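As recorded in TrEMBL, the features of this protein are as follows:
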type   : residues : note
REPEAT : 71-103   : repeat 'ANK'
REPEAT : 104-136  : repeat 'ANK'
REPEAT : 137-169  : repeat 'ANK'
REPEAT : 170-193  : repeat 'ANK'
REPEAT : 240-272  : repeat 'ANK'
REPEAT : 273-305  : repeat 'ANK'
REPEAT : 306-338  : repeat 'ANK'
REPEAT : 339-371  : repeat 'ANK'
REPEAT : 372-404  : repeat 'ANK'
């Protein structure tokens, strides 16, 4: 596969640019423009073309073998990219530094693996190239081969010391990028070589995000002590503090969530700030996920660090169907946050008329007050939400509950009650 095929995908184009930088990669794949009087450029052009005879003539006449262009690409890099095995061997034999790197930290082995040049990769490794060299962004030759779906190159690197536990500066391993790009054969190959199960995250989170049950099942399988290992893996968190089940809940991916639960995922696993998968699903309004989690025993009244229940999350976000489901399943309608806010207050603040209706139909006290004696009517009126204000008045809310102007300063409390549940 030629590197230029990557440009069929804008995503892959951006990934390649992150590996090399736009200018450097363009220098690799575009036609060289050079002046005939520029011997350095002519030398590099000959190397790119694989013209062994011409390259040797330049070297005999005193050309520096380490000559490179403005992006740090030298003759060895260019010959490696194009798969010129004979020239690569000649250059190394005549003193080219096998692990010399470009300005982005890419060696000839990186470039050969990205381009799928297995024979060049084999030669470079044989001549001492560092199989686990990392570029400035943390990319290894194995990562690049996995990214581009070069199965034979991946196999060779794994058999010759390639370490798939090494991650990029963004935390991605070769397995994670192969899974991201749906390179199924590469995924299977990497899993076969991952006998200790050390590099399956964040790959499992990616599978959860994509609702990819096939990949998730592969990631969770373990022939040795499967139950213990799978349960350990299925509940591991990323740096953001979320398990794969949190991710599945965020995206509403019921299929993979079911698999995760069947494999031992903790339905009430508490991430940072006390957030459970049910909080996440409720905030997103993923009703099928809410039902699944509740059917599997999720606690409906669990609170976050700030005292938010799943019902608060759904009400604050305006997901009326989710609110109705939670109420029907017994969600505590009188639950309060640390500042005394009820789900009704949050629905009123967001101008979520249907949510307010559901809450009132389930006997939410219309004049319920916060710690600062604010009713839902105070909140709706202050925010200028005419529809909710009218609805509350129609439901006999007390318009004389403490003077509104005296209480306006208290309303800053709502600014601190916004729910931040970020899934990367």
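Backbone N, Cα and C atoms are what each Cβ position is placed from, and that goes for glycine too.
Residues of the repeat 'ANK' (170-193) grouped by DSSP class, helix first, strand second and coil last, total 17 helix, 0 strand, 7 coil. Each residue in the repeat 'ANK' (240-272) gets a DSSP state, and the totals come to 18 helix, 0 strand, 15 coil. The DSSP breakdown of the repeat 'ANK' (104-136), given as helix, strand and coil counts, is 17 helix, 0 strand, 16 coil. Look at the repeat 'ANK' (71-103): DSSP puts its residues at 17 helix, 1 strand, 15 coil. Residues 242-243, 245-246, 248-254, 257-258, 261, 267, 311, 313-314, 316-317, 319, 321-322, 325-326, 329-332, 335, 419, 421, 423 of the same chain, all 6+ positions outside the repeat 'ANK' (273-305), place their C-beta atoms under 8 angstroms from a C-beta of that stretch. Taken as a whole, the repeat 'ANK' (104-136) shows an average pLDDT of 97 in this prediction. Helix, strand and coil residue tallies for the repeat 'ANK' (137-169), in that order: 16 helix, 0 strand, 17 coil [DSSP].
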